[in-house]
Structure formats: C-alpha cells, structure tokens
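**Q** After the structure tokens below, expect a handful of questions from me.
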Amino acid sequence: MRWPGGLTGLCYGGDYNPEQWPPELWPADVELMRRARVNLVTVGVFAWSRLEPQPGRYDFEWLDRVLDLLYDGGIRVALATPTASPPPWFSLRHPEGLPVTADGVRLSHGSRDTYCVSAPAYRTAARKIASALAGRYGDHPALALWHVHNEYGTTCHCEHVAAAFRNWLRVRYVELDRLNEAWTGSFWSQYYSDWEQIRPPRATQYLGNPGQLLDFRRFLSDELLGAYVEQRDLLRAATPEVPVTTNYVLGGWVPVDHTRWSTEVDLVAIDHYPGEAGPGAEEQTAFAADLARCWGRRAVGGPSWLLMESAPNLVLTPGRMHAKEPGRMIRHSLAHVARGSRGAMFFQWRASRGGAELFHSALLPHAGPQTRAFEEAVALGATLDRLAEVDSGVVQAPVAIAWDAACWWGMQAVVLPSEQLDYLAEVSAAHRSLWRAGLGVDVVAPGDELSGYALLVLPALYLVSDAYARQVRDYVAAGGHLVVGYFSGIADEHGRVRLDGYPGAFRDLLGIRVEEFHPLDAAERLPLSDGTSTGRLWSETVRLTGAEPVLTYVGGVLDGRPAVTRHRYGDGVAWYVSTRLGDDAYRELLAGVAGAAGVGPTCPGAPDGVEAVRRRTAGESWLFLLNHTDVPQTVPASGVDLLTGVRAESVTLPAGGCAVLRER
Amino acid sequence: MRWPGGLTGLCYGGDYNPEQWPPELWPADVELMRRARVNLVTVGVFAWSRLEPQPGRYDFEWLDRVLDLLYDGGIRVALATPTASPPPWFSLRHPEGLPVTADGVRLSHGSRDTYCVSAPAYRTAARKIASALAGRYGDHPALALWHVHNEYGTTCHCEHVAAAFRNWLRVRYVELDRLNEAWTGSFWSQYYSDWEQIRPPRATQYLGNPGQLLDFRRFLSDELLGAYVEQRDLLRAATPEVPVTTNYVLGGWVPVDHTRWSTEVDLVAIDHYPGEAGPGAEEQTAFAADLARCWGRRAVGGPSWLLMESAPNLVLTPGRMHAKEPGRMIRHSLAHVARGSRGAMFFQWRASRGGAELFHSALLPHAGPQTRAFEEAVALGATLDRLAEVDSGVVQAPVAIAWDAACWWGMQAVVLPSEQLDYLAEVSAAHRSLWRAGLGVDVVAPGDELSGYALLVLPALYLVSDAYARQVRDYVAAGGHLVVGYFSGIADEHGRVRLDGYPGAFRDLLGIRVEEFHPLDAAERLPLSDGTSTGRLWSETVRLTGAEPVLTYVGGVLDGRPAVTRHRYGDGVAWYVSTRLGDDAYRELLAGVAGAAGVGPTCPGAPDGVEAVRRRTAGESWLFLLNHTDVPQTVPASGVDLLTGVRAESVTLPAGGCAVLRER
Amino acid sequence: MRWPGGLTGLCYGGDYNPEQWPPELWPADVELMRRARVNLVTVGVFAWSRLEPQPGRYDFEWLDRVLDLLYDGGIRVALATPTASPPPWFSLRHPEGLPVTADGVRLSHGSRDTYCVSAPAYRTAARKIASALAGRYGDHPALALWHVHNEYGTTCHCEHVAAAFRNWLRVRYVELDRLNEAWTGSFWSQYYSDWEQIRPPRATQYLGNPGQLLDFRRFLSDELLGAYVEQRDLLRAATPEVPVTTNYVLGGWVPVDHTRWSTEVDLVAIDHYPGEAGPGAEEQTAFAADLARCWGRRAVGGPSWLLMESAPNLVLTPGRMHAKEPGRMIRHSLAHVARGSRGAMFFQWRASRGGAELFHSALLPHAGPQTRAFEEAVALGATLDRLAEVDSGVVQAPVAIAWDAACWWGMQAVVLPSEQLDYLAEVSAAHRSLWRAGLGVDVVAPGDELSGYALLVLPALYLVSDAYARQVRDYVAAGGHLVVGYFSGIADEHGRVRLDGYPGAFRDLLGIRVEEFHPLDAAERLPLSDGTSTGRLWSETVRLTGAEPVLTYVGGVLDGRPAVTRHRYGDGVAWYVSTRLGDDAYRELLAGVAGAAGVGPTCPGAPDGVEAVRRRTAGESWLFLLNHTDVPQTVPASGVDLLTGVRAESVTLPAGGCAVLRER
C-alpha cells in the first residue's frame, strides 16, 4: 500500500478546515505549514454541507484548489469522508435519519454526529458522498490516506435500530431461549417468547436489564463498524493502494470496541485528549499510546499507528482549559512517537473564529503566528524531522495488562456493590503503577498471545469468558506470573455471576475463595499487615484454599484475614490483590512481582519522573527519554541524541526536556 | 381463615424464584431450606412471562412441580400474582398500557413495574392471570397466603389516568367550584370552568399547583388500591379461607397511603430496607416496625403483621452496599418480631446470577451454603423456631406519634420556606428520641383512638383537618399530654394555610401565635436558654397568648423570645417546640414530658443501646432485649430466655446479642 | 400623559389579587391599605381564567366592584392584562398554543407562563382579552397605568416559533450566506442552502451552534416585544392618556433585552428579588436600580421608573427564605427611590392561602395585621409620604459601566475557556467595587452617549461591534478614562473571534496584545507585584505594545508579565486588567482611576457601609443616606432630614437606619 503517500519520516500536521476561511488565506496557510514542516493534513472532516450543499449537487471546486495548493506546497492529505455530520438538508428530507434518545426524543440538526447509523437513508447518503469523493480525488497526488468519518460514537434507539438489534441478536443467539438465558430473562418477567418483542434499551420504569444493556453496546459497535466497512470497501475498490483508517475516540460513553475494529483498518489512528492537567496528563498519554500500539498490531498495515488528533496547547479538564507549559506539547508528542505513532497530528491547524469549539486549541492560535504557541509548533516540526529514522522501530514490553471493552460495558450495565468501582480507574491505576516503576507495558485483549510476557495483570476484569479463563490458567501453568485485582472473574461473558465463591473464573488458579464483598467509603483506609500500606475503596472476605497470605487486614471485621495472596500454580505464580493499594504500594508490589519474574525497568537508574521508552528494529534501538519534572535530570543512558546530534555516555535533560538516543 | 396454612409458630423464608434456575437445582433448594428451617416462601412474584409466555397460553407445569416439591418438603407458599411486571408481549400488544411520564415519555418494557394502572388492557390482563392462578392453585395444599402484586407504587400521566383522575375528583368535590377553592384555582389563572379541563400534573412551565399535586397523590393511592381490590375480591371468591395481602414498600416517592390500604388486606405485610448503615439502621427498623404494627391493627386479620422482605446480609446506602456484621441479621429480624411481625421473610432465597439486582443480598449467597451468611441464616431459623410462643403477644405503647401520608405529600407539593423541611426526617427524629429513651411508641393516623396514650407527639404535621384538630384538642382537654413540633397545623387538608397566625390548627390549644418563620442553615446552631441545648434547621417568632416559655432563644433577632412553650389546657398540657432540638435534648424533653404524664421506659435500667420491647397476652409477657452495641451489656430483667432456655434474674447480652425473656 | 392617575408623590402598594379571597374581605383590604397609605395596586395580573372563564364569556362584575372599592378608598390601579397565564380552556382548545421545550416536550397547563408567544391562537386570544379590558375600564377613574402581561420571559421551540425565527433571520441577514458567515456554518457541516432548513436550537447530539443560540435569544426578545407592542398599541389607541408598561424580570434565563424594550414602554418597571441574604442583597439592589434608572432614560415617559415588585419581608436564596431584619424593607425601598424609582411596590399585598407561592412574602402576612411585618409596612407608607418632593429629582453619575444582554447571551452560547467566566458576576464585581467606593454609577448600553462620564468600565464585554469599539476609542481619544476587564473585545457581534491577538476590539487602544488565556481554579490566588493584591479566576499572557505595566504577576508561568496596564491614548487613558482582583484591590484601583479622572464619592467622608445617593433638579438636591451596618454611623452631610424634619450639619444614622436630606 502507498503510505504515507510519498512522505518519508514522521507525519506532522492536523485537521485543516479551509472551508471556514476565505480562499485568500489558503496560500498563507500553506506557507505557514511549510514553515512548521507540516507534511500531512486532514481535510474535509465536517465539509459535507459544503461539498454537497443540496442533495446530489456537489461543489468540489474549492476542495480541488485546496488539494492542489497543498500538493504544490509538499503537503499530503488525509482526505476525510464527511459522514459524521450530514448537512441540514439531509435532516429535513429524512427526519427518520435523525437519532432518537432512550427517552424517545428525536434530535435535531444543529451540532455534529446527529444521524442514526441504522437508517437506510443515512447509509445511502453516506455511501454516495464517499463514492463521489473517491471518484474525484482517488487519483490526486496529494492523497495519502482515507480518513473515514470521524470519531464513530453515536447512539440511537429508533425503530431502525430496533430492527438491526434484533437481527444482530438472531445471529448471536440463534435460539431465543439462549438469549433468555444470557439475559436472565426470568428476572422481572423479561422472558421473550418472540424475537419481535425485543427492543433497544429505552427509558423504562426502573433499572434496565444488564444483559440487554451489554449486548446493545456490543451491537452498536458492530453496527457502526458495518457502516465503516461499507465506506472502506468502496474506497478500497476505488483506490486499492491508498490506506484507509478512521480515528478512534476514547471514553466510557463510546459504543465502539476498538480491539474488534482494529482488524478492519489499515492503520490504527487515535484521538487523544487527556482529562487531567497535572501529571495525570502524562500517565493518560502513556496509557492511550500503549492501547493504540497494541490495537495497531491487529491492523492490516500494523503494527505502527498514528496519533491523529491531540490538542496542541491546552488540556481541557471539567470546568476549564489549562494552557500547556512550554515544552509540554513536544513531550506529549514524543510520548506517542516513542510508542510507535507514525507522527503527531493535531486538532486543528488554525483556530476557528466561530462554531462550538471556538476556544479549542490549534497549532496556529487566534493570535496568529507571532506567538509562543506557533513557535513551539515550528520547533516540534523540526524535532520530528530529526526523528525520521525511528519510524521502523517497534516497542517490546515485558508486562501486559488486560483490557476489554465488554468488561467496561458490563460494569456500566449493572448496579455494582459500590459506585466507586470503575473499570477504567482500576486499569489506569495498574498501568500508572507500572509506568512509574519504569516498566514497559502492553495493553492486551482477551485472546491475545500471552507467552511473551513475564507478567500479566488483570485489574477488575469483571467479565471473563471460559476460554479466556483457560488461557490465563495455561499462561500461569506454563510459568507466567499473574496479578489479579479484586472484582475480576466475577461473571461470564453475558454478565452472569460465576457461582460458589468469587472470583469464579480464577478461584482455583489463585487458591482462594471470596465469600463477601466489603466496599469502603472513598476516604476510608484499612491498615495492612506490613504496617505501611493501606487498602482503599474495596475489601472482601478471602478464604485461602491453597494460596499463602502475603498481606493481611489489620482491625475491623476482616482483622487477620488475607488482603494479598500468592499461589504457586504449575510453573508460575498467581497473586491476588483484594483491595486497592495506594499508588506507592501498588507500584512496589507490581515491580516486585515483575522483578521476581525476571524483568526490570526499560532504563535502569532513570530517576522518578523521567519516562523511558525504547523502540527497536532487528539491529537498532532508540531510547526516548522524557523529563516530566520541572528540574533537570541526569539519566544513565548512552548514545547519540537525535535532537542535538551529540553523543553522550550520560544524558542530562533540562526541566521538561527530551532526548532520543540512537543506542547502536 | 386458614393461616398460616398449617404452619405453627413464626414464619421464616423469603422470595423464591425457581424460574431463574435449572429444575435440577430445585430439590437442593428445598433441602437447604429444610436445613435452615424455612417454612414459607413467596413464589411467582415476577413470573408472569414464564406463566403466560404468550397471550392466553399458560405454562403452569414448572410451577406445579415447584409447589409439590415445596409441600413435600414441609414448606408453605405465599403465592404471588405476577402483575407487577407484565410480559414483553403485553407491552407490544398494548402500547397504551405502558406508563407515561410527566414529560410525556411513554416508557418501554425492560425493567419492572412498567404498566399504567388505569389502562383497561392492563387491568383485564391482570385479572385474567390472577384468576388463572386461583383456578390452578386454590386447592394446592402448599398455598398459605395470596401475595397480590408487588410493592404497589407506579405512577402514570397518560389519558387513561387523566380520565380516572377526573372521575375521582368529581366524587371528591361534586361541585367544580369546591375543587377550584381547594386548589386555589384563582392563583396563576388556574380556575377551571369545566371538569374536562383538568389534567394530571404534567410537565409545565414553572411550579405546579400544590393542590393538584396533592390530590393526584391521593388519587393514585386510591387508583392502585382499586386494582388491588379487584384481584383480592377475585382471589377471595375463589379461596375464601386463604388470606390475601400485598407487600408495602416505604419511601417518599410511593403514591400509596398505607393507612388507608390496611383495612383492605387480611394481613399487613411490609418490605423494609434501611437506608443507613450505622445505628440509623436499627432506628429505621424500629420505626418501620412500629408503623407496620399500627397499620396491622386496621387489617381484617390484624393486629399481627408480617415482615415480608428484608435484606439478609447487606444494607444499601446511596453509593454502596454494606455487609451486615455477624449477628445483625438476627437482631434486625427480632426487632420486627418483637413488634408483632409473624416472622421474618427476606428477599431473596438464592442470589440471582443475572438481572438488574445481581448483587442484592440473599439467604443463600453466590458463594453458596459454605458461607458465614448461610450459617447465620441457619441460626436464624433455629432462633425463630424457639420463639413460636410469642406469636400471640401484642405490644402496648404508652406514647403515640402522628403520621399522615397526605401531610408528607402536601409538603412535597409546595415550595417550603426551607428545603431542609422534611416530614419523614421530623417524624423520625421524634421516634428516634423516644426509642433512645426506651419508650414504646405507636405511630398513629389522624382519627385513630387517642385515649389510651399518655403522650401524643405531632412532628411537622403541616396538614391538619378541622376534625383532627378538634380530636387533638379534646384529647388534651381530657388530660392528655401533647408535644407539637414546628410547622404543624399550618394548613388544612387541602394545603391551604390557616390564617391569623401559625400554627392555625393549634394556636389556642398551645397558647401561642407564630408570626414569622426563620429557617436556619444546615450547620447553624441557635443557643437556647438552658445553656446546653441548641436549635437547628428552623426557628420562628413565637408570641405567647397563654403559654409559658420553657426555653428561650439566646442571641440573634429572636433573642429572649420563646423557643419551647408549655400550656395547660383543660386537664392536659400542650407543649410547643419551635425549633429542632439536638437528639439528646429532644430525647430529654420527650422523656421528661412522658414522665410527667406518668409513663417510663419499657425496661427501666436497660443501658443505652439496648432495645427492649414487650409483647403480652392476657396472661403472659415476653421481653425482647437487643444489644445494638459492640460490648456486652447487663440488663436488670428476669425470666426464661427462650433462646437459651436459661432462667435468670439479670441478663447479660453479648456484644450484638439478643435475649427473649418469658416473664411469667 | 395621565400619570400617576391623579396621585401626587411616590407610589406605594403592590399586587392585589382579590379574586383569591371572598368579596367580604375586600373592604377590609381597602381599609388596611389606607392604614398603610397604599395608593397604587396592581390588579388582575393572573386573572384571565376569572375574567374569561369560558372562551368569549366574560365575568367583569367582580373586577368592577374591586376597582370601585379601591377608587372610593383613594387607591389607584395599575390594571394588568392577564396574558401571562392563559386559562385552562385555552390550552385545551389550542394545544398548539402550548410551549414546546428544546427536547420536544409540549408542556401542559398547570403553572404560569405556559403558552407559545408565536402561536396565532395565543396572540389572538391575548389581544381579545386586552381589548375587552380596555373597553371596560378605559374610563374608570381608578385606572392609573396599564400593566401589560407579567415578566415576559417564556421560551418555545415549536414550529410556529421556527417559522417566526426564519422570518426574523431573513430580515436580519437578507442573504443566506451572510447568515452562514455569521454562524460559521462551515463548522460541523452546518452550512444552510435554503432558509427552510433553519430550526430553533433544539435538542441535538452535542454542543449547539453558538451563533444560532445567540440569534435565537435576540429573536425571542424581539418576538416577545412584538407581542407586547400589539397590546400596547391597542391600549394606547383606547386610552391615549394612560401610560403603558410591563414589569421586567431579571435573570440570565430571561430572553429579553431590556435595553431594546425600554424605548417601547411609557415607564420602565422592574421586579427585583435579590438572591443573596447578606450584604449582597444591598449590592444587588443598587445594581438593579442603576440598571433600571438607565433603562428609564430611554422610555417614552422617562427618565423616572418604578420598582414594580419586590419582596416585603424575605430574601429567597437557593434552599431557603430569610426573613428581613427589621428596617431592611424600608432601606431596600429607599435604595430604589434614591435612584429614581417613583415609588416602592411589592409582591404582594396579601399572602396567598394556596397556590404555588404559598410562602412568598406579603405586606399583609398570613398572620394578619397584628404583626411586626405589617407594622413595618405601615411605617414604610408613612416614610414614602414624607418623600413626595424627591420625585422630580434625577441622579447624575460620573462613572459608567457597560452592560449588554447580547454579550451575556453570547457567553452563555459557547463553551468558554472557564466555566467560571460569568458575565453578570464580572459586571457585578465592577459595580460593587464602585458602589463600595461611594461613586455614583450608570449602567449604559453600547451606543449610549459617553461624553458625560469621567470613567467608563467594560467588564468582560466579550461581544463588541466595530461601531462600539470605535465609540469607545473616540471616548478615550477625547479625554475619557477607560478600564477594560479581561475577556472583553474578544468577538464581534456575531460571536466570531477577532483575530491576531486578544482583545481584538481594543488592542490598539490598550496598547497590548494577549496571546493565551490561563484561567485559574476557583480557590487559586496569583500574587501581584504590589505585594498585597492577588489575581483570581483568570490570567493571561499580555504583551505590551505601547502600554506600561502597572502591576505584574509574581511566580508561575506568567512571572514578571503584565497583569494590569495603562496606556495613554489621545487625551485619555486606557487601563487593562487581565485578572479578577480581590474586592478591596478592585475598589482601590477603580477609585484611583476615578480620582485621576477627577471624580470622587457622592458623599465624601461617608463611612463604609453607608450608601449615599443624590437626586437633584435644576435647583434642589436630596441626599439619601442608608446605613447598611448594624451600628450607628455618623455622616458629614447637612440638610433637613425629610424623615424627621430635623435640620442637621452632621447626620447620625441608627443601625440599619436612613435619612433623606434636603440639601438646599
């Protein structure tokens, strides 16, 4: 496949929306892009109403000119199909193509993503505009990548969706009684005697059916995937040599299982916007990039992937924006590149004057090019330019954390024993602890090959199929080290509790049996037997059936009972952690288990706050060093720093600074 | 009447939902029930979709087998009509039978309680399935009790409801202008000139009409009662000797006036789930059981009643579940039995694997019979077995607190001077204070005979009819002692303020006149003249018109004005408390007034934290002693402890332990 | 024009709703009004369902009698058209006249304000009842004022509104592409190719279009104004000599631009209910009265205005009511009269027994005339009586603050860089600071003449048109002093950001250029270079392009950068304040700039907490002195105190007391 369209080295750029600006400004845009060494821009993401202002009446002239200008400037294009936001005329002509909330409210146009993915009229219109674009621009030399849609993630509860849901369920269950069984249809008189009785989960009197809620999320992911595949196939047919992708958006509300999707894209692309302004931003960045990296291995054109969107100059937290400190944009970008991103792309090139995202960040801010922000954008371009050679390197991680969208959805579908049980928070805590310990981490899906990992961590893996339980057991039996967190292995893939003692899927493997849950209040701290660490959020009655206690609870109803246990199983070891440890204790525990499993940090001796990630090929390796602290830090690592060209036996990073060492 | 179906002694058991489990498991269930000495289970509560999987096509075989198995095991059945949750086919065939919210959203099936009680199709279908059950099982020897529906408490705002509401209003008011008067129709142009103009309270621009809101709650209670009575009559006709009940659910959202309902049941049955995990759970338990006990006196088969549902092993508070400490389940159960419950029933026998209440507690938890929880269930069975003889005893309380659902609804219908004014909280505070003082308390409704009480307490009795005001006045004139709390007697039964000085209904009786309210912030404390107690939440300008001040406010705009007053009236005394006292001061005040009225604690000398309740017959009495503290407690009481068989002159209860003394 | 209907001196009274009370009570009402010296009452505000109980069937007899009784008692009437609340029959007959929420919920009758202002049926019915009233009472000698409707402020999203919105937009933009440009239609594919595609902003998938949201607010204001003007014209035609007004309600939800409306009323009338119970109540009162005073200058019969509603005896804050301390009602009333109100009117005369506003305050409380509250109402009547002569006096203020409803709406329409950015809070902070400094303040609209002011303050004036930017520039060039607050001049009148550096509209004038925003957390405090003051809520990167720094930031990423700047421009000076100063520092800064501009407090030497306002005619002046503290205060001011008749060279006000000095 033709990728990245004649580009060499890493991609740099972002969403470019020339249709928001007068054509007179476009040449200046290209000139400024060149100054910043931008080489790839995403065009047309929300341009449907400008490309097809009336049904079937296309206006491509402006886009022709934009693509020509860009090409002439040496800039390649990720050309978007604009199907994430149908034009006003579509909604007016096809009100049945508008989405319906669970309350039955049919939404109106006036924002983005306002369509029903199951509505035939929408699907037809989407295919038509995608075909028109493929026909017009398939041969344009600027075209480097097809960018289908944008951040698939809408939901609808209309009758179109109801019919599609039923069809999906028929395929999944074949027999209606298997569905009744999976959904525990006998609870609250929800036993179906005919497929036609089934509806999407709509507003109802009280708690909904968790099986229905979980399957609806699965269905929506597949339904949206179907819409993507339709466009992908059509684009592939038109331009077999141009890779096709879509940009993933992350978040608990997203009805997309990116693991499943990744086999259908040529390149995994993610949008990443951290939701914390402090050090959490760096931790979230590492986690997202590790996720993307592992998804990337499933893609047709993997294992590399691309950071398709991020915010140049701000972090948005609930309630306000935070301007990034100088250097932070570059450091965040390198954190992605270090983990295999083929570049750093941003939303967006030029800050909009109007529209709903007026104060969103941009490479070229409202204040224009004479700004610190744009200077830093220019500096990032130069930096990426110096890193071209790393593009072939691959990250190898000795530790794996399990991640499963269905588990997340399953936990969202039911009233849990504590509202503080939060799947993402549990997985993040494990990832953060390993990241702080300097260990490389893969984020793997059930079914992914485990044999290469010295350590596997399962945080709050509530839903576990029999097959995955078996795979994990075999992994340990063969010598693997395993850490299972509380509220794992509770239910099967339908969300039905595994009986006779928690965690049903892993009881024998762990050599324990949990009888009762004792969730804690947010501020509660249960002392543990080492005298320093404490349990938080959760505790439970663990009985030993083969495991040995490592830490016990001190005081309270669980006094003297096991809190952390260890169990030799086959050639491996299986740990159980029945409470949430504090960050330091969790880091120490995981680093200790990893050490016992024979693996250590990526860069031994790197001080706290300095992130180290290594990309390697068969013969070469590059060590990325990112100083997230606000003081200079010295790292015992040697090589040629690609950013400065200097060879050193020990690297001193300025406050907030970075180095990328060619090690061999 | 045949009750309890051949059983002797107290009932023990809970909801049993065999339809959620494979038939192979049923015999094991019966075996485990026998081990726990379970003798009554509620079957079929949500089984409609399994009993009538398609309209008119019944499937009774499974239930036949369940009832036979239970009977063979010596276990009797409270057989439910499953009408609280129509099957999916019903909703599909009768969309007009689905409930509509105040916003006009027609809900979908997918939960429980999703029906409109006024829809003819629903009523017809409900009668049909109830008749079918009566026909099939009326003669089954296991049948001990009809359990109609479950926790009546739904609301709907559709056109069926509108028509029924209008009919109910016509009966209540006869003349439209009486309704206009009661609802203050001249406010905000809400004067009706035709009955047809009236609607249920639906979403409107701003604050609704409090008269309409109050009457709608009254109507809904009667409308639901009508649905219950239809089924009851049909079951009675089929099996005149089998008692009929329905299980009450408690809560501010419940549109049911249980006082009015209790004359229509053969046995009052309540479901009780405390909402606090600390000592509040015990206080709420005592209050609920005292309510149920007084409702029970109105029932056809009263005065005894039954705790139909409670949670074996957890307390659910907002945000999380709390496992009950060992012994607490038994103590909670005995708190109910002490107050006249004919046993202790639970939701549910076996914890569900799936469905919305996955993590609800059960006698047989997910972890199975080899658990502390099941061991305690077995112990409770043995305990209840030893208490059979108490079933005939009746509680006599010297103090009464008034409770009126209409008052609660009235306070919910209007913007109060303070959002912290909360009827349940006020009544609970009075009950808790008396409970802590060791005094037995009845919770009486307006109109209930008062002559037997030494003390009557009216906390926040906002709505008072002329008739009840007169009854209270006569009670005091005849020598009764009365304590009236602030925000009592403010309005008539329509919620119209009584003029010329608060509390209009009791001004003369109390010898005071209140001019203005001064609500306080939640954390505010107003010092009172005794130097120790403080006022909270509320204060007001009280003028004396005959009463004497007992406590006055110190400082602030009310400095020196009366806070608590006493007024001799006829042969009695009427107190007024114009603020919320702290718990200790309130307890002291009420105990003092009770003492002056000649009554003292149930068990003088019982230490704080030990609850004492006495059941008696003409010739016998039993003293229940429940140690809610976590240290042993010695109580100066004598008799034979039925739990141990030991006779003692003084009882030492272990931490959390209980005793039931046969006193004579 | 005939105003105030034969009254002399100041108006005193309030809403009188005799239709809520038995006719037997009316003579007593009039008698009590006379006792309190009430001379004007508002009648009929919500009486539609009593005046026209059935379509076209009028019942005027009761109102005839009320007006006669009032007239005979010497009381004049502001006669309301009752169109703010159509009768139940209207809603039943014209469901299409009920309003529809953004979610598509058609509201039901049952409250007030439940109508669609664009529905032809509503407009017709409203004109009809207004005409009937004009015909019946145009000649009644009690009639002093027409009070159209009540607190215009409803919203609807139905198809009637959609059509009206499109018509309004066609007039505003003429060409569709100008609308697309103004709304940034190219963002998120919202480009319209036909006017018919446009809808009101209804529920949509995600963020709405800020241009559409802003214009919808403008449209609603004009649409409601159209409804008002229809009634006004009809009343004017019937009774040319009777002034017409409507009472403004204030609040961020109100879709009415009172500045624009004020040219269409004969008398500006406002309802004012402070939302804080502490000193904020006095500050809000001063601000509201200053707003009303400046609106009043636009009115046909201006510049005087009228406080049409306020709460006699309580302040309602979120969660509870606060009884006003003795004297506070009089002080609040005089704060309005001091600023030109032609009297003090209240909601309402007699507290309602029922209805949704049961516990709203009243001149005659539930407890009747034998109350402190009514005594104070009598005292206020006497006080106003003594102030008759001030009615001709006018307030002249040396300082102006800009206020623009469109700016408020614009900031509500978009996701701001910080949720703490709040237009009203910013303007209030500036007003409060000047008020505390004792300076008289006008609150002016864009376009208002500025030449008379020594100082102009623009707090958070986000939206600024080119014309207003020019006007402000000319004002400074000609010698004016200007203080611009952060987040001013950011966008044009369509809400499109002005590029190349904030604040685009004022960059040159201020001699600065802002590159980036750095909003702060609520509790954050940034030290400034004077060592005492701190910045809050906001900070930003200011670059000097001509201005001099006055204060700089200390520490953090902005260390050493300008926080407050000063720039000489033409003959004037332009200040910029890039952060929110604490109240003391802000007061000091503004007082300092005012001093440099040659203006000082209204009453030099008045102690903190004593408000001083002067009304003057050509030859006379009156100084209002209001002691808002709870200790006596001495003020260096001389004259005859109209309240006591005493002449003094220095006035000592009791705690909470007032004086009104005739100075010449």
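Yeah, the Cβs are placed from backbone N, Cα and C, and that goes for glycine too.
Pulled from TrEMBL, these are the listed features:
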- B:Glu151: active site, proton donor (ACT_SITE)
- B:Glu309: active site, nucleophile (ACT_SITE)
- B:Arg112, B:Asn150: substrate binding site (BINDING)
- B:Cys116, B:Cys156, B:Cys158: Zn(2+) binding site (BINDING)
- B:15-386: domain 'Glycoside hydrolase family 42 N-terminal' (DOMAIN)
- B:397-599: domain 'Beta-galactosidase trimerisation' (DOMAIN)
- B:609-663: domain 'Beta-galactosidase C-terminal' (DOMAIN)
**Q** C-alpha of B:Arg112 (substrate binding site) to C-alpha of B:Cys158 (Zn(2+) binding site): distance in Å?
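**A** Rounded to a whole number, the Cα-Cα distance is 18 Å.
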**Q** For the recorded Zn(2+) site formed by B:Cys116, B:Cys156, B:Cys158, name the remaining residues of the chain with Cβ within 8 Å of the site's Cβ center, in chain order.
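**A** For the Zn(2+) site, the extra neighbours are B:Gly97, B:Leu98, B:Pro99, B:Val100, B:Tyr115, B:Val117, B:Ser118, B:Ala119, B:His157, B:Glu159, B:His160, B:Val161.
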**Q** Would you mind listing, in sequence order, any of the recorded positions B:Cys116, B:Asn150, B:Glu151 that have a CB less than 8 A from a CB of chain A?
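**A** Qualifying residues, whose Cβ lies under 8 Å from chain A: none.
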**Q** For the C-alpha pair, I'd like the distance in angstrom between B:Asn150 (substrate binding site) and B:Cys116 (Zn(2+) binding site), rounded off.
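**A** Roughly 15 Å, rounded to the nearest whole number.
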**Q** How far is it from B:Glu151 (active site, proton donor) to B:Cys158 (Zn(2+) binding site), counting Cα to Cα, in Å?
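**A** That separation, Cα to Cα, works out to 21 Å.
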**Q** When you measure from the Cβ of B:Cys116 (Zn(2+) binding site), which residues in the chain that are at least 6 apart have a Cβ under 8 Å away?
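**A** Counting only residues 6 or more apart in sequence, the Cβ neighbours of B:Cys116 (Zn(2+) binding site) under 8 Å are B:Glu96, B:Gly97, B:Leu98, B:Pro99, B:Val100, B:Tyr122, B:Thr154, B:Cys156, B:Cys158, B:His160, B:Val161.
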**Q** Mind checking which of B:Cys156, B:Cys158 has the fewest other CB atoms within 10 A of its CB? They're the binding-site residues.
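**A** Relative to the other binding-site residues in B:Cys156, B:Cys158, B:Cys158 has the fewest Cβ atoms within 10 Å.
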**Q** What is the total of other Cβ atoms whose distance to the Cβ of B:Glu309 (active site, nucleophile) is within 10 Å?
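**A** A count of 23.
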**Q** How many other Cβ atoms sit within 10 Å of the Cβ of B:Asn150 (substrate binding site)?
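**A** That number is 27.
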**Q** Please list the DSSP helix, strand and coil residue counts for the domain 'Beta-galactosidase C-terminal' (B:609-663).
**A** 0 helix, 30 strand, 25 coil
**Q** Tally every other Cβ atom lying within 10 Å of the Cβ atom of B:Arg112 (substrate binding site).
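**A** Result for B:Arg112 (substrate binding site): 25 other Cβ atoms within 10 Å.
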**Q** What average pLDDT does the predicted model assign to the domain 'Beta-galactosidase trimerisation' (B:397-599)?
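**A** A mean pLDDT of 98 is what the predicted model shows over the domain 'Beta-galactosidase trimerisation' (B:397-599).
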**Q** Over all shown protein chains, what is the count of other CB atoms within 10 A of the CB belonging to B:Glu151 (active site, proton donor)?
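**A** Taking every protein chain into account, the count is 21.
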**Q** Check B:Glu309 (active site, nucleophile) against DSSP and tell me helix, strand or coil, would you?
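**A** For B:Glu309 (active site, nucleophile) - judged by DSSP and reduced to three states - the answer is strand.
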